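Asker: Got a structure for you, written out below as C-alpha cells; questions coming shortly.
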Amino acid sequence: LMPRTLEGQITMEKTPSYFVTKEAPARISSMSKGTKLIVVVRDPVTRAISDYTQTLSKKPDIPTFESLTFKNRTTGLIDTSWSAIQIGIYAKHLENWLLYFPIGQILFVSGERLISDPAGELGRVQDFLGLKRIITDKHFYFNKTKGFPCLKKAEGSSKPHCLGKTKGRTHPDIDQEVVQRLRDFYRPFNMKFYQMTGQDFGWD
C-alpha cells in the first residue's frame, strides 16, 4: 500500500493503461473526486508503431505491422480491435473520463513537446499541480544516442537520468501507404480530441 500523504505533500501514481481502462475513471472518482489527472499523448500513428516495436522485441515471430493494421487490406478497413490502434482513439477514451471528471482537472501533455521542449511541458505540469516552477532548461540535456532529453542529476550525484533501454528503439520500416491510411483514419478522432481538450497537438 502507498504511504499516507501528509499535509503539504502531493502523491503521484502512474500507470499507462489507466486512460484506456473503462473502469478506471469511476474507481478513481470514488476514491477522490479532486484527483488531478495528467495524460501524456503522442501522435497516434507513431504511438501504434512504437507499441508494435515493443511487442516485436519480445515476440519476434508476430505478423507484420501492415497485416495487423487491417481487417481487410484491399478495402483499407482498419482493425480497431487491435489494441495498438484502439489506444490512439483518444477522443473515445476521454469521453469516458469526462463522465466523472471536469476537463479542467485533466492536463494533456504533448509527448512530442516533452522531447523537443521538456522544460516547457514540465512547466505546464508544475503550474497545473500548483507547484513553484523549479524544473527548468538547466535540468536537461539532449542525448543524441537515445534521441531523448535526459535529466541532469542534482549536484554531487554521479550519472544523469536517461530513459531506459525500452525507450528510443528503432522503428521498423512501415509501408508509407499504410501510414497514410492510418493518418486518414485517425484524423477525425484527432480533430474531435483537439476540440474536447482545446489543444491542437499538430498530428498530421
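Cβ coordinates are placed from backbone N, Cα and C, and glycine is handled just like the others.
Here's the feature list from TrEMBL:
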type	residues	note
BINDING	ARG42, SER50, LYS167, GLY168, ARG169, THR170, HIS171	3'-phosphoadenylyl sulfate binding site
DISULFID	CYS150-CYS162	disulfide bond
DOMAIN	28-187	domain 'Sulfotransferase'
Asker: How long is the line from the C-alpha of ARG42 (3'-phosphoadenylyl sulfate binding site) to the C-alpha of CYS150 (disulfide bond), rounded to the nearest angstrom?
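Answerer: Cα-Cα distance, ARG42 (3'-phosphoadenylyl sulfate binding site) to CYS150 (disulfide bond): 19 Å.
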Asker: Rounded to an integer, what is the Cα-Cα distance in Å between CYS162 (disulfide bond) and THR170 (3'-phosphoadenylyl sulfate binding site)?
Answerer: 17
Asker: Measure from the Cβ of CYS150 (disulfide bond) and count the other Cβ atoms within 10 Å, all protein chains considered.
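Answerer: Step by step: centre on the Cβ of CYS150 (disulfide bond), count other Cβ atoms within 10 Å, giving 17.
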Asker: Could you tell me which of these binding-site residues, ARG42, HIS171, has the fewest other Cβ atoms within 10 Å of its Cβ?
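Answerer: Each of the binding-site residues ARG42, HIS171 was scored; lowest Cβ tally within 10 Å is HIS171.
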Asker: In Å, rounded, how far does the Cα of HIS171 (3'-phosphoadenylyl sulfate binding site) sit from the Cα of CYS150 (disulfide bond)?
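Answerer: Cα-Cα distance, HIS171 (3'-phosphoadenylyl sulfate binding site) to CYS150 (disulfide bond): 21 Å.
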Asker: Quick one: among the binding-site residues SER50, THR170, which has the most Cβ atoms sitting within 10 Å of its own Cβ?
Answerer: SER50
Asker: Around the C-beta of CYS162 (disulfide bond), how many further C-beta atoms are within 10 angstroms, looking at every protein chain?
Answerer: 16
Asker: Could you tell me the mean pLDDT over the domain 'Sulfotransferase' (28-187), as a whole number?
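Answerer: A mean pLDDT of 88 is what the predicted model shows over the domain 'Sulfotransferase' (28-187).
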Asker: How many whole Å apart are the CA atoms of SER50 (3'-phosphoadenylyl sulfate binding site) and CYS150 (disulfide bond)?
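Answerer: That comes out at 20 Å between the alpha carbons.
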Asker: Could you state the CA-to-CA distance between CYS150 (disulfide bond) and THR170 (3'-phosphoadenylyl sulfate binding site) to the nearest Å?
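Answerer: The separation of the Cα atoms works out to 18 Å.
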